[in-house]
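Engineer: Can you read through this structure? Questions will come right after.
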């Protein structure tokens, strides 16, 4: 927000396998061509990942194209420049996918409903959006329109969950990954998950979801490690063990399963570290940007499961359920955009009210009460004078519209603003284009 002061708001959704920046930018910058506030959305595009994510009102997914050269709206270019500067990369190394206006709203609502996730219908994203909402609120970067968009998207996700069967299976990226890890433990003749020694690398929101999933599967011997020194606090809040840097090698040596979900862009488990560990060992890497060095997969005795493996194992969602969910999303986006359009006229409504209040105040000041009372004649004159003042500008503009041949446009505007049919069916109509033609309807 400090780097781009024209933005009205910004929300960052970041997990080990998702990066999204939702920004509230003036429509002339968001490139939507619409009035009011549009959420412009640009997304990190990471090759090889099918996990839904975003950088307004977007998402990272397999095959997502970066913003086209010269075609991205100004806001996407600005966000790209700020991100590149923050992560100390060149512009060519940071790829953004940008959406604005209606497409941004559709994508946000679909993402909240889990329709853009690797596991269609998964509920983890709903929690991620809620946490991002609260973080933006605390950091004072949550604009009114962004807040409304996120709240409506969250309600839509609940509608999809209750009105379709997509969420009934409770599937998620973590759940599918742990299913694969459980099978890998059996294949390697290691202890079953309920007895296995598990080391969790990372302390973010996704790590919390992983701990919950591990407990649901009966795992009890779980320890967490983090380079950020947050491991102890994370562990104490969840009733699990923790590992510091000095004991990491020992913990890895005793582990049956290692689950990584940091996603900070630099591998925490390198070939050099893992090749000193006792094998067999199962490693589940849930990070969009690998937490495990690629060469580790080639080491003997290592069963390596990454997001691509999880993607291949994801069961296909039922087509009818997906269609029903997208219909709900489209309907709710339409409702949201109507409300957004209505709110965009709030300044006009306030100005109209202020104008009327000002005129009424001036008319009140003209009254001369006698013994605190105003006669009926004085009140009538005051009201008629007030009405004349209020109707003065519209009548002047009506005559100007007639002079310029804009009668129809004026009548349409009158119908739109006052809701009255003022068609001149009993008046003389003169055509400006054909001054010699007169018609009279009496």
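Cβ coordinates come from backbone N, Cα and C, glycine included.
The domain 'Glutamyl-tRNA reductase N-terminal' feature in TrEMBL is assigned to 6-164. Look at TrEMBL and you will find 86 tagged as active site, nucleophile. Summarising the annotation, TrEMBL assigns substrate binding site to 117, 122, 123, 124, 128. Feature annotation from TrEMBL assigns domain 'Quinate/shikimate 5-dehydrogenase/glutamyl-tRNA reductase' to 189-307. What TrEMBL lists as NADP(+) binding site is 202, 203, 204, 205, 206, 207. The domain 'Tetrapyrrole biosynthesis glutamyl-tRNA reductase dimerisation' annotation in TrEMBL covers 324-417.
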Engineer: Cα-Cα separation of residue 205 (NADP(+) binding site) and residue 124 (substrate binding site), in Å?
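Structural biologist: A Cα-Cα distance of 10 Å.
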Engineer: Which one is it: of the binding-site residues 122, 124, which Cβ has the fewest other Cβ atoms within 10 Å in this structure?
Structural biologist: 124
Engineer: I need the CA-to-CA distance for residue 124 (substrate binding site) versus residue 203 (NADP(+) binding site), whole Å please.
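Structural biologist: Pair distance, Cα basis, whole Å: 16 Å.
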Engineer: According to DSSP, collapsed to three classes, what secondary structure does residue 204 (NADP(+) binding site) have?
Structural biologist: coil
Engineer: Fewest other C-beta atoms within 10 angstroms of its own C-beta: which of the binding-site residues 128, 203 fits that?
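Structural biologist: Each of the binding-site residues 128, 203 was scored; lowest Cβ tally within 10 Å is 128.
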Engineer: In Å, rounded, how far does the Cα of residue 86 (active site, nucleophile) sit from the Cα of residue 204 (NADP(+) binding site)?
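Structural biologist: Between the alpha carbons of residue 86 (active site, nucleophile) and residue 204 (NADP(+) binding site) there are 20 Å.
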Engineer: Give me the mean pLDDT over the domain 'Tetrapyrrole biosynthesis glutamyl-tRNA reductase dimerisation' (324-417), rounded to a whole number.
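Structural biologist: PLDDT averaged over the stretch: 86.
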Engineer: Run through 117, 122, 123, 128 for me and report the binding-site residues whose CA is within 10 Å of the CA of residue 206 (NADP(+) binding site), in sequence order.
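Structural biologist: Of 117, 122, 123, 128, within range: 128.
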